Amino acid sequence: MGDSRRNELAANGTGNHAGHRELSGPMDEKSPSLTVQQRAAVNHDRDMFLLACPGSGKTRTAAARISRLAREGVLVAACSYTNTGVDALRQALFDDHQLVLTPRHFIGTLHGMLLRTVTYPYGHLLYGATPRLLPDDSPRWPDVNVGAGNKPRLLKTSCFRLRPDATLRLANVPYTVGLPPEEILARGSKQAFEHKRKMASQGWLSFDDAMYIAMRVLRSHPAIAAAVAARFDEILIDEAQDTSELQLACLSTILDTDALRSLVLVGDYEQSINAYTGASPTGCSEIAQSKGLERVVLTENHRSSQKICDIAAYFCARQQPDTAVGLDAHHPLAPEILTYPALTPQLAVADFHTRLLELGEDPNNAAILVRTNTLADELNGELPDTRISPRPLKLGSVVTALRTRGTLTKFHIEQIEEIVALAAFGEQVDPITSPDQRAQLRAAALDLVENAPDLDTDLRTWIQKAAKVLTEVSGRLTDTPAKTGGVILRSSVDHAQFHASKVFGTDVPTIQSHTVHDIKGETRDAVLIVLDRKRKNREAQSALWAARLRKFDTPQDEAEEVRIAFVALSRARRYLAVAIPDDTDEQTIDAFLSAGFRTPPWSPL
């Protein structure tokens, strides 16, 4: 807020907000559950950026502030970026203050507040139709053809997202499109704009487009922007660093009316990990600076041990590690480094289980974190995104069944007979009526299963070797096999990054793996972070980690990866482990050990 506005509020109490209560000065909020730092934030007058480190109790602090204001009659819009954050805020209000906000206030996502106050009531002013939200995967969305010539490549219009400057960005583009983002935008932007205008004229908006409409309404109708600003005395936004660029543009327009009495942002630049929405530390910082928000800091970590805080500090721009003050602050165990065979990261999960048992930690309060869904699926025993075709999958599953259980069912054998018949005769088993021919077919099918390659290899190699065995056994049935094994059992280059035994296996780990984004804001007693091996067009993750542990500068395009690592490291209370592939070079391993990581007693390092 500008000084003139502050002076006006101080002079007349209610300003132009008839029926609203003036934001009071410090309230005697001296609950023993609040620290000195937290109490300062609760009692701060107005216009504040609460910079909160992980585990600082920011949600409870925000709830205490909301409770103070609401009991004084001040109207509050309490927002968070996610529904999970909103639920946590509601729970803290009820548990700590026995408070349920009345409808005069608002509690929900910032997206929800802008829908309720701008898009739904006023969106028709732009396109004439009452806005309705349409999920991104709805078949109503027209396709955009980004192909060339006679080779169409279709994308849903909802993959094209509007930005505040009316340009487009991309989201959720299937890898099968096979084009760089710049080329997709060059080929598809004009079509996407046309489709979006047509859909908006019918009242259909994507979740992102709804924020673009809100921004345009606020910018083109200053009276509406002023009315939204005057609706509440204070807008408080938790997880402010994750606010999307469209939401920030809406917020900036509301603030420009000078009719909002107080803005409070709660967050941490170091935990800004949603660049795919246009969120960035810079966008949040610009709002805070332009509106003159006073910085109040929470530097005390009530979650993690000091040893974990010290390691996390390597991935943070702050000069000093956060100060551990919680029950586990002095926990003696240093973060540990584990290794796993490069093609079998699931063994890191097994080692993590072993370590939890040794330390007496409950697996039910542990988490396994990874950077990508691909690695999460691999650890969870799910099929890779690069789908394996049905016939190699059938063969691999039957081979796995024989080698793990020692026996096969009739159904298993019939599945393999069909594969052999296709290779030998180019047809299914049913037309084969000769008893001798069927007996030979069964023998060939059993030979294929028994002589299939060892499963302890990558998926592509396994399929290629199995195809050679299929060619051999089908040649015993006829001098002129209809198809080679390689035609029946197809593999792709992408299969090389997956381990055959894990793709065909059925064991599901007791602790499911998640991406870091999945449990942001949550706490676990023990955490394993699995760093991915080198993959096609991507270096091993341990290289970036080692660079940070050596205190090397980070390229700008890697800045968010560093913040994601910081978020992952700061989820754990007592036990933290990082798993790296066993082909990691000695210099990288030394970077981990020199920074304070240790190894379990049984580690080969």
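For all residues, glycine too, the Cβ spot is worked out from N, Cα and C.
Here is what TrEMBL says about this protein:
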BINDING   Ala52, Cys53, Pro54, Gly55, Ser56, Gly57, Lys58, Thr59  ATP binding site
COMPBIAS  19-31  compositional bias 'Basic and acidic residues'
DOMAIN    31-305  domain 'UvrD-like helicase ATP-binding'
REGION    1-33  region 'Disordered'
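Sequence features, as recorded in TrEMBL, placed on the structure.
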| residue | record | contacts (Cβ under 8 Å, 6+ apart) |
| --- | --- | --- |
| Ala52 | ATP binding site | Lys58, Thr61, Val266, Gly267, Asp268, Val297, Leu298 |
| Cys53 | ATP binding site | Asp268, Glu270, Leu298, Thr299, Glu300, Asn301, Arg318, Asp322 |
| Pro54 | ATP binding site | Asp268, Gln271, Asn301, Arg303, Ser304, Ala312, Asp322, Val567, Ser570, Arg571 |
| Gly55 | ATP binding site | Asn301, His302, Arg303, Ser304, Asp322, Gly326, Thr523, Ser570 |
| Ser56 | ATP binding site | Gln37, Gln38, Leu298, Thr299, Glu300, Asn301, His302, Asp322 |
| Gly57 | ATP binding site | Thr35, Gln38, Leu298, His302 |
| Thr59 | ATP binding site | Gly85, Ala88, Leu89, Ala92, Asp238 |
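Shown in sequence order, Thr61, Asp268, Leu298, Asn301, His302, Arg303 are the same-chain residues outside Ala52, Cys53, Pro54, Gly55, Ser56, Gly57, Lys58, Thr59 whose Cβ sits within 8 Å of the Cβ centre of the ATP site. In the predicted structure, the domain 'UvrD-like helicase ATP-binding' (31-305) carries a mean pLDDT of 93. DSSP classifies Ala52 (ATP binding site) as strand under the three-state reduction. Secondary structure from DSSP puts Thr59 (ATP binding site) in a helix.
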